[in-house]
Amino acid sequence: MLSSLSPHLSNVRQTLTQVLNFALVLSTAFMMWKALSIYTNSSSPIVVVLSGSMEPAFQRGDLLFLWNRSPRAEVGEIVVYNVRGKDIPIVHRVVRAFGDDARDPKEGGGKKGKSASGTGKKESVAAGAVHSDSSFVSHKLLTKGDNNIADDTELYARGQDYLDRKVDLVGSVRGYIPAVGYVTIMLSEHPWLKSVLLGLMGVMVILQRE
């Protein structure tokens, strides 16, 4: 009887080993992500460009590496910010920067001027979330996509004329790898690909057991 159960027990042990190995891979990846998040001071230190509003600087599918430990963002710097009230992080360039106090630029920090005029806009959206740190001073920013006609005022939350460095920014772009994040775009635009990948993973597990 024990001899007849032995193959089944062996299969169970093999399955448990594969599950534990998979869990170990996931937990290791999660710990590496959290460590990178702490090091960069950004809750989303790596993001993928999902639209063409920053062309030619960045293309869809480019993988961006962020840094969020600088107290200021300078004019010309490319940043990722979060739209308040929406889970829509956007990759755009700083075109105006206002002082280090919390006053409205219209009242005490200078009048805000738009860098361009027009109506048509595209958003360079990236996967990620906003992260703030109380050590940052208040710093107001106006952003714009390089491939857009107008600045981002219409993209901001209602009643918001500029970004707050402390509240809205996910981080500043410090490096990138072209195109490697395009698989993220494919999975978001074609949900059926997720099912195909899961099916392939299941087949691989079965083949490994054999």
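The backbone N, Cα and C atoms fix where each Cβ goes, and this holds for glycine too.
If you check Swiss-Prot, you get these features:
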ACT_SITE  SER53  active site, charge relay system
ACT_SITE  HIS92  active site, charge relay system
ACT_SITE  ASP152  active site, charge relay system
COMPBIAS  101-110  compositional bias 'Basic and acidic residues'
CARBOHYD  ASN41  N-linked glycosylation site
REGION    101-124  region 'Disordered'
REGION    196-207  region 'C-terminal short (CTS) helix'
TOPO_DOM  1-14  topological domain 'Cytoplasmic'
TOPO_DOM  32-210  topological domain 'Lumenal'
TRANSMEM  15-31  transmembrane segment
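A map of Swiss-Prot features onto the structure.
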| residue | record | DSSP class |
| --- | --- | --- |
| ASN41 | N-linked glycosylation site | coil |
| SER53 | active site, charge relay system | coil |
| HIS92 | active site, charge relay system | strand |
| ASP152 | active site, charge relay system | coil |
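The distance from the Cα of ASN41 (N-linked glycosylation site) to the Cα of SER53 (active site, charge relay system) comes to 26 Å.
Between the CA atoms of ASP152 (active site, charge relay system) and HIS92 (active site, charge relay system) there is a gap of 9 Å, rounded to the nearest whole number.
Along the region 'C-terminal short (CTS) helix' (196-207), the predicted structure has mean pLDDT 74. Working note on the recorded positions ASN41, SER53: by count of other C-beta atoms within 10 Å of each C-beta, SER53 ranks first.
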